[in-house]
Amino acid sequence: MHFSIGSLFLYLIASASCTAASPQYIQRSRRTPFTTSTSKPSAFTNPSTDTATTPYVLELTKINNKGNARSAVELNSQVRSGSANLVSFAEGVGFATSINIGNQTFEVVIDTGSSDLWVVRDGFICIDPVSRKEVAQSECRFGPAYAPNTTFHEVVGEFVDIKYADGEILSGVIGTENVTLAGITVNQTIGVMDYAGWYGDGVTSGLMGLAYSSLASAYTTNNRQPRLYNPIFATMYEQGLIDPIFSMVMNRNASNGTAAGYLTLGGLPPVDINGNFSTTPILITNIKGYPKDYDFYAVNIDGVALGNRSLPEAAGGIQYIIDSGTTLNYYPTPVADSVNAAFIPPAVYNDYDGAYVVDCNATASVHGVMIGGSTFYINPTDMILPGGMDNSGNKTCISGINAGGDVGQGIFVLGGTFLRNVVAVFDVGAAEMRFAASA
């Protein structure tokens with residue numbers, strides 16, 4: 001891949017995994033306020049213990065390939081266990097895992113911001129997501145396609161229709177199929193796509209959502225009424241196969257083909273933890289109209305630590321989405337300005353690039369995120385990220401902290417910059433998240 005300085009923001013969102021998608025660069029002066037709401041889900045179990053182990057562990061690995069990001073921050077551009085090998089889309093942009101559907105095995109993207117499990121069907125129609133014109137199947141860059149057999153049972157009178165924030169669209173049929181993930185087999189409702197406008201990666205054949213069932217994209221054909229069903233994670237815990245919890249840890253030092261972390265179903269990942277867990281309620285943040293409603297796992301934070309002082313203006317009831325699909329942390333703009341001004345030499349925001357450009361040899365100030373009474377410090381390595389090459393062939397770097405806009409006008413995210421430093425526990429049953437510093 002070749003990056004000009006003008007393509008930095010594309011690199012942030014998709015890194016080595018992007019296709020020819022063309023994101024609109026964030027312009028601070030031209031934001032449209034988002035319509036959002038926040039709710040706290042009801043707990044239905046007691047919190048799991050901080051030592052809960054499980055055999056259902058998915059190993060994350062990294063590859064260099066192309067495929068766009070379906071992350072929370074994509075909305076800011078105003079367009080949009082057992083053991084299995086997982087694929088990480090470069091610098092924490094996304095993850096994929098191996099899953100058995102019927103008698104076939106596929107790689108699917110893991111997405112904490114959606115609920116559906118879907119794969120593309122053989123013979124599907126590929127369209128350009130922008131022009132909506134039919135193109136060759138190879139343009140969608142899917143992995144192997146699903147061929148339904150006798151174990152797949154289509155639900156008559158229902159269909160699936162999905163639109164992502166970056167303009168991708170898919171539609172197809174709904175049905176049930178035997179699905180095995182990390183050694184656990186369930187009969188699961190899935191979407192089978194006949195029509196796709198997709199920025200693929202050449203590896204994955206679909207996507208697996210881990211969010212709440214309210215995000216399911218199934219509808220009745222007669223009056224287009226939403227039809228809710230359990231995502232695969234909920235199916236597993238409602239059948240008593242796992243506890244209602246999943247967790248994630250990322251490894252910044254992973255190279256291509258090596259372990260980049262773990263996603264664990266029903267417990268904690270098999271890694272060492274520094275100190276104790278800090279707890280905070282899960283807040284479901286709903287973002288309307290881009291082009292559908294999006295619900296994300298979100299939390300409140302206590303503030304941001306910078307050097308020997310704290311920045312309480314980062315808190316005050318502001319919701320931060322926990323999103324492994326976003327490379328950077330996105331703070332309210334005044335907070336991001338303060339953190340980036342503390343680099344030596346300072347990082348400078350470039351409006352065209354939508355990023356703070358920083359000297360690749362700069363020194364980052366001590367910086368941490370304060371949650372649940374604890375401060376989780378960011379490794380300096382995660383504060384300066386490669387930005388490709390400029391038009392003159394010079395190496396460029398960008399800050400791990402970006403501007404998310406003014407409060408009420410943007411989306412704030414704790415992404416890979418934060419998540420590479422913690423073990424993150426999504427305790428859905430107790431309606432809380434827990435974080436501990438990773439060793």
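Note: Cβ is positioned from N, Cα and C throughout, glycine not excepted.
Annotated signal peptide per Swiss-Prot: 1-20, in sequence order, evidence recorded as sequence analysis.
Residues or ranges marked as region 'Disordered' in Swiss-Prot: 31-50.
The compositional bias 'Low complexity' annotation in Swiss-Prot covers 32-45.
Among the features that Swiss-Prot reports, domain 'Peptidase A1' is placed at 95-436, with the record citing sequence analysis.
If you draw a 10 Å sphere around the CB of Asn103 (N-linked glycosylation site), it holds 10 other CB atoms from the protein chains shown. What Swiss-Prot records for Asn103 (among others) is N-linked glycosylation site, and it gives sequence analysis as the kind of evidence.
Asp111 (active site) counts 23 other C-beta atoms within 10 Å of its own C-beta, drawing on all protein chains shown. The active site annotation in Swiss-Prot covers Asp111 (among others), and the record cites sequence analysis as its basis.
What Swiss-Prot records for Asn149 (among others) is N-linked glycosylation site, and it gives sequence analysis as the kind of evidence. Residues within less than 8 Å, Cβ to Cβ, of Asn149 (N-linked glycosylation site) and separated from it by at least 6 positions along the same chain comprise Gly102, Asn103. In three-state terms derived from DSSP, Asn149 (N-linked glycosylation site) belongs to neither a helical nor a strand segment and is classed as coil.
If you draw a 10 Å sphere around the CB of Asn178 (N-linked glycosylation site), it holds 14 other CB atoms from the protein chains shown. The secondary structure of Asn178 (N-linked glycosylation site), as reduced to three states from DSSP, is extended strand. Here Swiss-Prot flags Asn178 (among others) as N-linked glycosylation site.
What Swiss-Prot lists as N-linked glycosylation site is Asn187 (among others). Counting every protein chain shown, 12 other Cβ atoms lie within 10 Å of the Cβ of Asn187 (N-linked glycosylation site).
Secondary structure from DSSP puts Asn253 (N-linked glycosylation site) in coil. Counted within 10 Å of its Cβ, the other Cβ atoms near Asn253 (N-linked glycosylation site) come to 9, all protein chains included. Taken from Swiss-Prot, the feature N-linked glycosylation site applies to Asn253 (among others), supported by sequence analysis.
The annotation N-linked glycosylation site is assigned in Swiss-Prot to Asn256 (among others) on the grounds of sequence analysis.
According to Swiss-Prot, the N-linked glycosylation site annotation covers Asn276 (among others). Secondary structure at Asn276 (N-linked glycosylation site), as computed by DSSP, is strand.
Residues annotated as N-linked glycosylation site in Swiss-Prot, with sequence analysis given as evidence: Asn308 (among others). The C-beta environment of Asn308 (N-linked glycosylation site), restricted to residues of the same chain at least 6 apart in sequence and closer than 8 Å, consists of Val366.
In the three-state DSSP scheme, Asp323 (active site) falls into the coil class. Taking the Cβ of Asp323 (active site) as centre and 10 Å as the limit, one finds 28 other Cβ atoms among all the protein chains shown. Look at Swiss-Prot and you will find Asp323 (among others) tagged as active site, backed by sequence analysis.
Look at Swiss-Prot and you will find Asn361 (among others) tagged as N-linked glycosylation site, backed by sequence analysis. For Asn361 (N-linked glycosylation site), the count of additional Cβ atoms within 10 Å of its Cβ stands at 8 [all protein chains shown].
The N-linked glycosylation site annotation in Swiss-Prot covers Asn394 (among others). Counting every protein chain shown, the Cβ of Asn394 (N-linked glycosylation site) has 9 other Cβ atoms within 10 Å. A coil conformation is recorded for Asn394 (N-linked glycosylation site) in the three-state DSSP classification, outside any helix or strand.
According to its DSSP assignment, Asn103 (N-linked glycosylation site) is coil. The average pLDDT the prediction assigns to the domain 'Peptidase A1' (95-436) is 88. Using Cα positions, the member of the recorded positions Asn253, Asn276, Asp323 nearest to Asn178 (N-linked glycosylation site) is identified as Asp323.
A simple way to gauge crowding: the CB of Asn276 (N-linked glycosylation site) has 12 other CB atoms within 10 angstroms, across all the protein chains here.
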